[in-house]
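Student: Sharing a structure with you now.
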Amino acid sequence: MTAASAQARPAASGGVPGLPQTIASEFTKYSTLRASKVNLFFAVFVCAAVAAVVSSTLSVTRTEPVDSIPAVDVFTVPLLGLDAAGIVLLIGAAAFFGAEFTKRQGTVTFAVTPRRVRVLVAKVVVTVAVGIVVGIVDAIVAVSLGRAIGAHTGAQQLPLSDPAAVRLLLTTPFQPVYYAVLVGLFAVALRSSAGAIGLGFVVMLVAPAIAGALPGQIAQVVAPLLPRAGFDTLAGVAKIGAPEHVPVWWALLMMAGWLVVAWLLAVRRLRSHDV
């Protein structure tokens, strides 16, 4: 008896698993993988390392005395650790979503749960749930390290109740989650974890860097189309008049648009191709 037929038998005798059962199955699959645990550990470790380094070298990178740097900048810098954590998480998400194709797990998965879109929904739910927890932990770690190092170096401290701090804390933890889901959907659409990771790097890092180097009028067109502009606007770090500064409604619409397009491509791939 093959593994596929052995695992498909419960579906035949007990019916097709519902969404809660599928989510539970995907969470079990995720939590039992050693690679997932390593990925989550590195997401926190890398965040802490980057936050500590950038906070410790702030006076060098800014080429000015640390006590003259605005408190909001001192508060914002360690949150760069969440960008690094986002890279780690998107790699893990690509492996989690893409395993159905790269490791042929889908042969078993879709035998047990023939409704492929339901499996995709379950993977998104698991990724969002895990990502939010990791994002919150990373934010706490980054802010704590930044404030501890800032207090030691004599940097100005931004109160946690300050509107700018609140805005940053309500947005930055969700950036790693967003890119993890986006890249996971890319992995299904491309049937390739490596391809999804590469495309994720382009969307998250390369495209914003290129947009920032483009001439003014071209940058004004390209930058607002990238998720980075949405997050910078929502977090309040995009300077007014800069290409990446967009209306809040556009930031939300554009970021949702990326997810919708990626979702539609992933669903189309699932429905039109065998595993």
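Each Cβ is built from the backbone N, Cα and C atoms, and glycine gets one as well.
Residues annotated as transmembrane segment in TrEMBL: 38-59, 79-99, 120-145, 165-190, 197-218, 248-267.
Walk me through the surroundings of each of these features.
Tutor: Tertiary proximity for the transmembrane segment (79-99) is limited to same-chain residues at least six positions away from its ends with a CB under 8 Å from its CB atoms, namely 30, 33, 35-36, 39-40, 42-44, 46-51, 54, 105, 123, 126-127, 131, 134-135, 138-139, 141-143, 145-146, 168, 172-173, 175-177, 179-188, 191-194, 196-197, 200-201, 204-205.
Cβ atoms under 8 Å from those of the transmembrane segment (120-145) belong to residues 19, 22-23, 25-27, 30, 40, 43-44, 47-48, 51-52, 55, 75, 78-79, 81-82, 85, 89, 93, 96-97, 160, 169, 172-177, 180-181, 184-185, 188, 266-267, 270 of the same chain, restricted to positions at least 6 beyond its ends.
Remote same-chain partners of the transmembrane segment (165-190), defined as residues 6 or more beyond its termini with a Cβ less than 8 Å from a stretch Cβ, comprise 43, 72, 75-76, 79, 82-83, 85-86, 89-90, 92-98, 100-101, 120, 123-124, 127-128, 131-132, 134-136, 138-139, 143, 158-159, 196-197, 199-200, 203-204, 227, 231, 234-237, 255, 258-259, 262-263, 265-266, 268-270.
Counting residues 6+ beyond its ends, the transmembrane segment (197-218) has Cβ neighbours under 8 Å at 86-87, 90-91, 94, 179, 182-183, 186, 190, 226-229, 243-244, 258 in the same chain.
Same-chain residues lying 6+ beyond the ends of the transmembrane segment (248-267) with a Cβ under 8 Å from its Cβ atoms: 117, 120, 178, 181-182, 185-186, 188-189, 203, 224-225, 227, 229-231, 233-234.
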